[in-house]
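Take a look at the structure below.
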């Protein structure tokens, strides 16, 4: 990143590691082309994100970044200003890079919430919601659900007990939701309370340990599983839930809706219904070929 990008073209991108399977460039570049927007979206694969790296992006004319694993919590700390979700939950998946300041946003929660409302709104009413994992995605999702007014109870199950407790404390402090950290062993004994399972860890992702996070007999036909892993769509966890008759929300839906919000933040143009339909079709086709 030694030279500035073409300044007549607005340049955005994604930062994370690894990124070889990311579909974000397909999403953003396709909409730019559809809308005749003079912009490009690049891939910046890096294991380190710090102040110096942000300055490199700024010097190169990069105006905005999608942030993914493992940098979401780091991204928040590098921003000068942040939206409520980022500020409260201490994780961001979007950075806008201005001449002098960096702004952090979190569109993960909004993306997940839209997906749930579209595919399984009843799952927010009939029982408790459990989030599996306590990383950057889990933080954004937990906050958006907590402030939605749609749930009263939230469980967070993570192998990292410290971050699970932190998420629950932040949710309880900043909403009317009762949030409770829970171990996997205890969760297995309380499965009848659960209506919605949201899986946010890398387990099942291509190139990662397959999992599943929960055994097959955890699920039943009254549950909904939302595994935010989208490559592959049918993870071992999804297959286990399907076998038990649970409803499935595709992980690609969160990718779709969080990207639509990022597109709006990057371009100041609101996505329309046609953008969503076309993007969903492109994602489906791309995932079929993987």
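Placed from the backbone N, Cα and C atoms, the Cβ positions cover glycine too.
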Starting from the shikimate binding annotation in Swiss-Prot that includes 22, 23, 24, 68, 108, 230, which of 36, 38, 93 is the extra site residue?
93
Tally every other Cβ atom lying within 10 Å of the Cβ atom of residue 22 (shikimate binding site).
17
Site extent for NADP(+) (largest Cα pair distance over 84, 133, 134, 135, 136, 137, 228, 251, Å):
24
Quick one, of the binding-site residues 23, 228, which Cβ has the fewest other Cβ within 10 Å?
23
Taking only C-alpha atoms and a 10 A limit, tell me which of 133, 134, 135, 228, 251 are near residue 68 (shikimate binding site). These are the binding-site residues.
none
By a simple count, how many Cβ atoms lie within 10 Å of the Cβ of residue 93 (shikimate binding site), its own Cβ left out?
31
Report the same-chain neighbours of residue 84 (NADP(+) binding site): residues 6+ apart in sequence with Cβ closer than 8 Å to its Cβ, ordered by sequence.
143
